[in-house]
Amino acid sequence: MTVETFDPNKVANKTTTLETPVKVLSDNQSSQQGVGSRIGFVSLGCPKNLVDSERILTQLRTEGYDVVPTYNDADLVIVNTCGFIDAAVEESLDTIGEALKENGKVIVTGCLGVKEDEIRELHPNVLAITGPHAYETVVEQVHEHLPKPQHNPFADLIPDHGVKLTPRHYAYLKISEGCNHRCTFCIIPSMRGDLVSRPVGNVLDEAKRLKEAGVKELLVISQDTSAYGVDVKHRTGFWNGMPVKTHMQQLCEQLGEMGIWVRLHYVYPYPHVDDLIPLMNDGKILPYLDIPFQHANKRILRLMKRPGSAERVLERVKKWREQCPSLVIRSTFIVGFPGETEEEFEELLDFLREAQLDRVGAFAYSPVEGARANDLPDPVPEDIKQERLARFMEVQGEISAARLKARIGNEYQVVIDSVDAEGAVGRTYADAPEVDGLVHLNGVYDVKPGDRVWAEVIHANEHDVWAVLSEDQDDEEAHATEGAE
């Protein structure tokens, strides 16, 4: 169970088809057939941005463009940017500069694209700039600057689920775009607009295609997952000839029938989230809830334009755990928000001790250009913010370590993510990829990514656990039911 601190050097997850700095397309994902015009691609930021990158790459590959692994091999480079906080803006601008230096022909898209003047002031030679989720515009700009390839026979081999930048056994499923909330620390609505929900049948069709392609875990994402369907008044759609409402609960019910892991991320704490807990307890979706609380003090929450209070959240957490004892809760918090007093910070620490959350991400408040919170009085000095962040980490670190050590002696189903020199590395239902802990199966080599095995936890620290394979892998009734199946 992890506590993440804010690291400006890691704030934007960088995914790229280029060897500089990281190559992520495996040989079977990158065509490299030497046919048609060649594209390099860099994707920065969150999983929502990664899904946008997948859509753009899928369209380009379908049209016959070749995706290549180096700047030098590319005829043009696309940079999908992040602009959420200042450190992400800096990394995006640096990456654009790197692509221009190494290649010279660059198209910019993504969240930072809404600040075209800022980009062109620093990088006037970029070919084109588009905003987020502007898939068709990006492709049109590629057409303008690179000839559309003649028919590439390898393009016919693009699978129905499209190009994926994740390992084969899990995938992100984005169900909506934008957000209707106006949190004072956030500028996402100004970049991505208000909530726009995808048709429920469209979402379920994609989920089915992903399952048929071998995906065993769906990570449901959006800017505000629990608001799904609010913009269309939860209208009824159809899937497989049956009516299904554009609503989070009914979507989860249908996804739960597919027989694969379904994990919910970015869940805003609406009251109807309570209705999802029975689905988790029944094994329809994973008993895992990524729900950002941000703070515990009522006054600070009001300044953030966030709902709730410590008392109400604690009541709900207690109720959820009574209904679903195996529930794992991930949350994020901001310390050092403008105006936060020592007493209000201590209230946050008291909340942590009582809530006993499983996974926590912690961030010292950082001003974001355009955020209304920047205008609030009494900013917290940087040294105090960092001191509070360290204290927050210490408290949550002890909680995380204790909760993981309580798993020692229990058996869990583990999905294998990789095999290295020390053995297999995987995750339980309690571990989302990239952000949570790992299960280390030292000495286990005869497995491959995507396999599922049963294992008993024998050791833990505040981040990861170590486990050994259970003797009987086939008798599921003999194993603990705590791990999701």
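Keep in mind that glycine also has a Cβ here, set from the backbone N, Cα and C atoms.
Copied from Swiss-Prot, the annotated features are:
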BINDING   C46, C82, C111  [4Fe-4S] cluster 1 binding site
BINDING   C179, C183, C186  [4Fe-4S] cluster 2 binding site
DOMAIN    37-147  domain 'MTTase N-terminal'
DOMAIN    165-402  domain 'Radical SAM core'
DOMAIN    405-471  domain 'TRAM'
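When the neighbouring Cβ atoms lying within 10 Å are counted for each of the binding-site residues (C111, C186), the highest count belongs to C111. When secondary structure is read from DSSP and collapsed to three states, C111 ([4Fe-4S] cluster 1 binding site) falls in the helix class. For the pair C46 ([4Fe-4S] cluster 1 binding site) and C183 ([4Fe-4S] cluster 2 binding site), the Cα-Cα distance reads 18 Å.
Other Cβ atoms within 10 Å of the Cβ of C179 ([4Fe-4S] cluster 2 binding site) number 22 in total over all chains. With respect to Cβ neighbours within 10 Å, the binding-site residues C46, C82 differ, and C46 shows the lowest count. For the pair C179 ([4Fe-4S] cluster 2 binding site) and C82 ([4Fe-4S] cluster 1 binding site), the Cα-Cα distance reads 16 Å. The DSSP secondary structure for C183 ([4Fe-4S] cluster 2 binding site) is coil. Of the recorded residues, C82 ([4Fe-4S] cluster 1 binding site) and C186 ([4Fe-4S] cluster 2 binding site) place their C-alpha atoms 13 Å from one another. Separating the Cα atoms of C186 ([4Fe-4S] cluster 2 binding site) and C111 ([4Fe-4S] cluster 1 binding site) is a whole-number distance of 13 Å. Sequence-distant contacts (6 or more apart, same chain, Cβ under 8 Å) of C183 ([4Fe-4S] cluster 2 binding site) comprise Q294, M304, K305, R306.
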